[in-house]
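Feature list (source: TrEMBL):
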| type | residues | note |
| --- | --- | --- |
| DOMAIN | 42-291 | domain 'G-protein coupled receptors family 1 profile' |
| TRANSMEM | 27-50 | transmembrane segment |
| TRANSMEM | 62-83 | transmembrane segment |
| TRANSMEM | 103-121 | transmembrane segment |
| TRANSMEM | 141-159 | transmembrane segment |
| TRANSMEM | 205-227 | transmembrane segment |
| TRANSMEM | 239-261 | transmembrane segment |
| TRANSMEM | 273-293 | transmembrane segment |
Amino acid sequence: MDVKNRGSSVSEFLLLGLSRRPQQQQLLFMLFLSMYLATVLGNLLILLAISMDSRLHIPMYFFLSNLSFVDICFSSTIVPKMLANHMLGSQTISFSACLTQMYFVFMFVDIDNFLLAVMAYDRFVAVCHPLHYSAKMTHQLCALLVTGSWVIAILNVLLHTLLMARLSFCADNTIPHFFCDVTPLLKLSCSDTRINQMMILTEGALIMITPFICILVSYILITCTVLRVPSTKGRWKAFSTCGSHLAVVSLFYGTIIGVYFNPLSSHSSEKDTTATVMYTVVTPMLNPFIYSLRNRDMIRALGKVVGRKIFSVQ
């Protein structure tokens with residue numbers, strides 16, 4: 001399907017990036033390169049540790065490994081293109097490539113969204129129903145939850161991408177952003193975008209808010225259970241783990257809701273860009289630290305992975 005010829009006279013867009021000042025561009029290039037390498041390395045180490053340690057072959061780490069894989073793909077959809085544009089001195093991206101990037105970005109956002117909810121449900125079962133954990137969290141259920149997350153995300157984002165492909169882009173092709181985001185594209189369109197906005201605020205909001213509500217309910221039930229634990233040390237340990245998860249959940253959902261679920265007229269490119277940096281670059285980089293490096297089992301498994309690498313080099 002030739003998307004370009006069907007609805008648009010614009011063959012390419014210009015991604016302005018994060019700054020137009022040369023000195024700031026150099027600094028941002030080094031910063032984003034470092035953050036991207038940290039994201040890939042940190043999440044790869046998590047994947048290696050989980051795959052190599054049989055004690056981590058349980059539902060919690062199965063979901064964590066999927067989250068790490070998705071975070072690598074998520075960052076790789078955005079950051080390498082931005083870095084390549086800086087190195088090549090080019091800001092262009094073709095219309096079809098722009099839609100493709102938008103599709104994969106929001107597909108991985110949706111999967112992240114579902115995985116956070118699945119991980120919260122896993123912790124709910126572990127804390128509130130520990131004696132039935134093995135019976136409830138079977139391998140079949142875990143595989144079904146992850147597969148369902150992928151299928152729903154793929155179909156949901158396909159709908160929004162097809163709606164975007166039907167729009168016309170007639171004159172201005174400058175995107176004041178570092179990737180092809182929905183809001184800047186809707187602002188550039190010379191077509192009627194009311195259907196797109198309505199679908200984002202209804203179906204899109206349903207897809208994002210439903211898992212968020214599941215997370216809140218899970219943690220309310222977890223909190224009620226933990227408060228009944230007589231040991232202060234046990235309560236603190238449980239709340240510490242929940243706090244880490246909720247910190248990432250708040251960062252992830254707070255920025256997304258602030259960017260995408262407000263009227264189009266209330267958006268500004270500066271605020272939207274800052275918010276999207278948080279959930280597209282910062283959150284995937286922090287996830288390995290927040291979810292894993294405070295976990296003794298994970299630290300032990302990572303130590304074995306790093307130890308084996310050093311030993312093999314020697």
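Including glycine, each Cβ sits where the backbone N, Cα and C put it.
Heads up, TrEMBL stuff is auto-annotated, nobody curated it.
Here the transmembrane segment (103-121) has Cβ contacts under 8 Å with residues 60, 63-64, 66-67, 70-71, 73-74, 77-78, 145-146, 148-150, 152-154, 156-158, 160-161, 179-182, 207-208, 211-212, 214-215, 218-219, 245, 248-249, 252, 256, 279-280 of the same chain, all six or more residues outside its ends. At the 8 Å Cβ threshold, with sequence separation of at least 6, the transmembrane segment (27-50) lacks contact with the transmembrane segment (205-227), having fewer than 3 such pairs.
Across the domain 'G-protein coupled receptors family 1 profile' (42-291), the model assigns an average pLDDT of 85.
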